[in-house]
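Novice: Have a look at this one.
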Amino acid sequence: MAEPPHDHRRTTRRLWPALALPGTIWLVALFLVPVYAVMAVAFSGDINLFGEPIPAWSPWDWQFATFGQVLSDSISGPYQAVWLRTASYTGIALLICVVVGYPVAYYTARLAGKRRGLVLALILAPWWINYITRMLAWVNLLQDDGYVNKALGIFSIEPVSWLGGNPLTVVIALAYGYLPFFILPLFASLDRIDQRLLEASRDLGVGTVRTFLHVTLPLSKLGLITALVITALPMAGDYYTNTIVSSSPRTTMIGNQIELFLLQGPSKNFGAALVLLLSLVLLFFMTYYLILTQRASRNAR
């Protein structure tokens with residue numbers, strides 16, 4: 001006997017929340033709870049016998065003096081240089097990702113069959129090796145007696161001190177480490193472009209460069225923004241890349257400053273406050289991206 005329609009609808013209404021339950025538990029346990037714990041430490045006003053802040057789990061006990069001081073120091077105090085350094089390193093590394101990653105994504109999207117699979121495998125190959133291991137490999141290449149300086153010596157060029165506080169090394173390492181994050185979403189966007197539009201442009205006598213500027217680039221704009229956001233979010237909070245290839249106060253980024261505070265007992269609330277401030281900054285750019293995405297979806301309809 002067939003199930004009555006209203007019973008089927010009732011079963012369906014119960015099924016979808018049940019399917020979402022594991023993901024909801026995962027989100028609460030591994031995202032919302034840690035974020036609340038960071039807030040409890042950032043807004044704490046008491047310390048224990050060891051000089052460490054006592055988390056204020058109740059919002060009624062929150063004190064905002066530490067967060068206000070961190071915000072003030074970030075605008076016009078000792079953390080201002082760290083924020084500016086983080087923004088400049090991230091911005092330059094993103095520019096390198098655009099210059100290197102866009103041609104790679106564009107070329108890969110134009111391939112077909114086994115050649116496309118091979119190129120995608122090469123793009124993903126760095127992820128088969130631990131990130132820290134790859135950075136340590138760069139340390140071996142860039143040390144004073146490494147292969148890079150040996151190659152420069154062949155052309156009678158003086159060895160360069162790549163490690164120990166060279167901003168260029170930090171920027172290049174960031175761009176190298178996060179380049180696959182940039183290429184893959186951009187490739188997906190370029191791959192969805194209707195090839196008939198490009199063919200129509202060529203049929204009308206438009207050159208390759210003008211076709212790219214007026215057809216391909218505008219159609220891949222949202223994919224480019226997606227790639228920038230996905231790459232910038234982890235890059236802005238990165239601390240281990242800088243630690244491995246530099247470990248110098250001259251190249252300290254905001255992630256390194258947070259790590260320094262968290263390793264110091266009495267300053268953990270300052271580190272937590274910086275985490276919240278960084279999250280708010282990244283949330284602003286994420287919101288801007290979501291607005292652009294919704295606007296593009298409405299225009300597509």
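Every residue number used here counts from 1 along the chain in the order it is shown.
A Cβ is built for glycine as well, from the same backbone N, Cα and C atoms used for every other residue.
TrEMBL lists these features:
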TRANSMEM  19-43  transmembrane segment
DOMAIN    83-291  domain 'ABC transmembrane type-1'
TRANSMEM  87-106  transmembrane segment
TRANSMEM  118-139  transmembrane segment
TRANSMEM  168-190  transmembrane segment
TRANSMEM  211-233  transmembrane segment
TRANSMEM  270-291  transmembrane segment
Novice: If contact means at least 3 Cβ pairs within less than 8 Å, sequence distance 6 or more, would you call the transmembrane segment (19-43) and the transmembrane segment (118-139) in contact?
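Specialist: No, the stretches stay apart by this measure.
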Novice: With a Cβ cut-off under 8 Å, give me the same-chain residues at least six positions beyond the ends of the transmembrane segment (270-291) that come close to it.
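Specialist: That would be 35, 38-39, 41-42, 53, 66-67, 69-71, 74, 79, 225-226, 229, 232-233, 236-237, 254, 257-262.
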Novice: Going along the chain, which residues at least six beyond the ends of the transmembrane segment (87-106) come within the CB cut-off of under 8 Å?
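Specialist: Non-local partners: 119, 123, 167, 170-172, 174-175, 178-179, 182-184, 186-187, 190, 216, 224, 227-228, 231-232, 235-236, 251, 253.
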